């Protein structure tokens with residue numbers, strides 16, 4: 001969720017430009033259209049990463065959906081734009097490197113979203129027409145209709161009734177192993193009840209935090225002086241990604257199961273029948289579902305729950321409609337991303353009225369100045385809202401809102417607060433009279449004159465990137481993020497204490513360059529302003545309190561807190577993070593985890609990247625000209641280089657270890673490793689590929705040179721066989737590493753024969 005403290009609004013320049021593209025079907029895409037398509041795809045990937053990997057969406061659901069649907073429109077007009085790595089061909093998010101990757105026995109798909117009843121009817125009629133073509137081989141359609149829970153999709157693997165693994169959906173094929181955290185959820189049985197369950201079965205469901213429990217948990221956080229969680233969905237996702245299961249156990253998590261993946265010996269003939277079996281086995285099944293015969297019945301179900309969706313146990317963001325019969329589901333099959341037999345209807349956002357008290361601005365990590373509305377708190381979509389982003393001055397103007405207006409407020413996707421516009425009929429009745437918002441001309445944090453980075457930019461920025469306290473605070477917070485150094489003890493409040501404390505006047509950090517050189521003594525006198533609380537409620541009065549040290553008494557002198565000690569331990573550990581994480585931490589525009597991994601693989605060291613030409617970087621697979629320009633511009637700034645040099649002097653690793661004697665046998669090859677190899681861990685296999693000049697990919701495509709298939713190879717093996725990709729076992733992999741592709745022809749054929757008989761549901765948990 002975007003907040004005034006840490007906003008990341010939609011790049012409306014790109015959005016508006018993309019919306020202005022007019023193309024005719026069959027006309028080859030122009031260069032400008034290709035550029036706009038690539039920008040749109042990059043935005044979708046960026047926002048998807050924030051949602052799935054950082055559990056912190058930076059735009060509303062409605063804004064994301066608008067970008068995504070525009071991407072689909074462009075691909076429909078120009079199918080040649082579609083590639084295997086297009087966001088429209090992928091499911092959900094990537095797999096976080098913070099958890100072990102495990103491969104699902106059967107792929108977990110996403111759902112096709114529809115945003116109006118007309119769209120839902122069109123989908124239903126299309127499904128009915130497809131079923132009609134199947135003739136008498138399938139029964140008449142019955143619609144299993146259920147609530148779309150706003151939580152985190154999870155896959156449970158049971159063997160002989162015992163829970164052996166739990167994983168996130170990830171990219172649909174490979175997820176994160178969160179078994180230890182899932183075991184803390186009391187509704188999930190470690191051993192299935194009764195009898196008749198398959199010897200091996202994957203059970204899919206949604207982990208969520210009940211609405212009432214979420215409010216109570218947030219109240220306890222506030223009472224303890226901690227920041228409340230943004231919303232139940234992000235809270236559930238973040239809870240399952242805690243490194244310590246004891247922390248997860250403190251969160252009020254629940255789960256409802258809603259599907260079955262791979263199974264051996266399941267006797268159910270329909271979705272509804274399988275739900276009855278799941279209940280008999282002791283699994284939690286949602287009580288909010290019905291099997292309906294007609295589309296009119298489905299519409300009544302949608303209307304009924306639309307009226308009372310905020311009175312339910314959990315948050316929902318729509319209704320899922322599925323064809324109930326399994327045989328029909330199998331006959332209709334799947335696209336590359338979604339089943340053809342199910343869709344998710346999303347309710348239009350609920351709207352309420354409230355008063356816009358003020359419009360303030362915040363300065364973000366890149367200097368972007370973002371206005372946000374401060375409103376009289378009002379309950380909307382089940383929670384109280386008093387604040388919403390307005391993105392930029394053009395959005396404020398387009399919405400036509402003025403300070404003092406009664407405004408229409410809604411939650412996009414029932415999650416993200418959004419100001420729709422003013423209630424004009426009430427404008428003249430407001431006291432005091434409404435006034436126009438004027439974007440500041442100087443940075444509210446450092447006083448520097450504001451200006452667009454480029455003449456055509458909609459956003460205005462503070463150019464004082466080096467010294468602006470707000471930008472520094474945001475960059476320090478980013479350094480600690482999961483995708484960068486992953487420093488859990490350096491949260492938002494700690495970043496404020498390091499860069500903008502109430503005391504001393506000169507903060508411990510005036511540049512992130514000193515982060516890894518901090519000492520405990522540097523933090524001894526840091527005080528922050530914290531609101532006094534009475535029975536968990538803010539009093540409006542503030543006091544200065546030490547942040548990094550205990551208060552100290554005559555009997556117990558002030559000393560570093562346990563969290564401070566943890567911070568220094570994690571800073572020391574972070575120095576050994578791989579090069580790609582260091583690159584992410586530097587806040588270089590456009591350079592995220594994917595580009596950083598590609599750069600680290602191609603160049604091996606920070607110095608090599610710093611000294612590379614723009615052309616050399618642009619030719620790296622996964623980088624390209626835009627990122628290459630951004631890198632050269634970043635390294636051309638002296639104080640940026642001071643950060644790199646200071647971190648290096650403090651012991652931060654700036655080079656991935658490589659053995660120069662290792663031959664570059666895999667130069668130009670893309671190799672995918674799947675399943676369990678007896679003598680290689682997943683990371684060891686990837687490293688072996690990279691140091692020999694190859695690209696270690698996580699997905700199989702027509703560009704894959706080889707698939708290395710271990711035990712329990714899973715769906716990647718099936719795809720490789722369909723595409724004719726050579727398959728190697730571990731012996732063939734060793735031969736490839738030693739001698740390159742010229743020596744592996746016969747081994748590849750032999751390995752393919754051997755690998756195809758691997759039973760993908762018979763082995764222990766597969767790892768990528």
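Cβ atoms are placed via backbone N, Cα and C, with glycine included.
Sequence-distant contacts (6 or more apart, same chain, Cβ under 8 Å) of residue 148 (active site, N6-AMP-lysine intermediate) comprise 111, 316, 317, 318, 319, 320, 344, 346. Look at Swiss-Prot and you will find 148 tagged as active site, N6-AMP-lysine intermediate.
Per Swiss-Prot, the feature NAD(+) binding site maps to 61, 62, 63, 64, 65, 110, 111, 146, 169, 206, 322, 346; the stated evidence is sequence analysis. Following the DSSP three-state reduction, the secondary structure of residue 322 (NAD(+) binding site) is strand. Counting every protein chain shown, 25 other Cβ atoms lie within 10 Å of the Cβ of residue 322 (NAD(+) binding site).
Look at Swiss-Prot and you will find 443, 446, 462, 468 tagged as Zn(2+) binding site. Neighbour count (other Cβ atoms within 10 Å of the Cβ, all protein chains): 22 for residue 468 (Zn(2+) binding site).
Here Swiss-Prot flags 746-768 as compositional bias 'Low complexity'.
The annotation domain 'BRCT' is assigned in Swiss-Prot to 661-750 on the grounds of sequence analysis. Confidence annotation: the domain 'BRCT' (661-750) carries a mean pLDDT of 81 in the model.
Per Swiss-Prot, the feature region 'Disordered' maps to 739-768.
Secondary structure from DSSP puts residue 111 (NAD(+) binding site) in coil.
Put plainly, the binding-site residues 443, 446 were compared by Cβ crowding within 10 Å, and the winner is 443. Of all the Cβ atoms in the protein chains shown, 24 others lie within 10 Å of the Cβ of residue 169 (NAD(+) binding site). Just so you know, the Cβ of residue 111 (NAD(+) binding site) picks up 18 other Cβ atoms within 10 Å once every protein chain is counted. When the binding-site residues 446, 462, 468 are screened for a Cα within 10 A of the Cα of residue 322 (NAD(+) binding site), none qualifies.
Those same-chain residues not listed among 443, 446, 462, 468 yet with C-beta within 8 angstroms of the centroid of the Zn(2+) site C-beta atoms are 363, 367, 444, 445, 447, 448, 450, 463, 464, 467, 469, 470, 471. If you measure from the Cα atom of residue 443 (Zn(2+) binding site) to that of residue 169 (NAD(+) binding site), you get 42 Å. In the structure as shown, the Cβ atom of residue 462 (Zn(2+) binding site) sits within 10 Å of 26 other Cβ atoms.
In the domain 'BRCT' (661-750), helix, strand and coil residues by DSSP number 37 helix, 18 strand, 35 coil.
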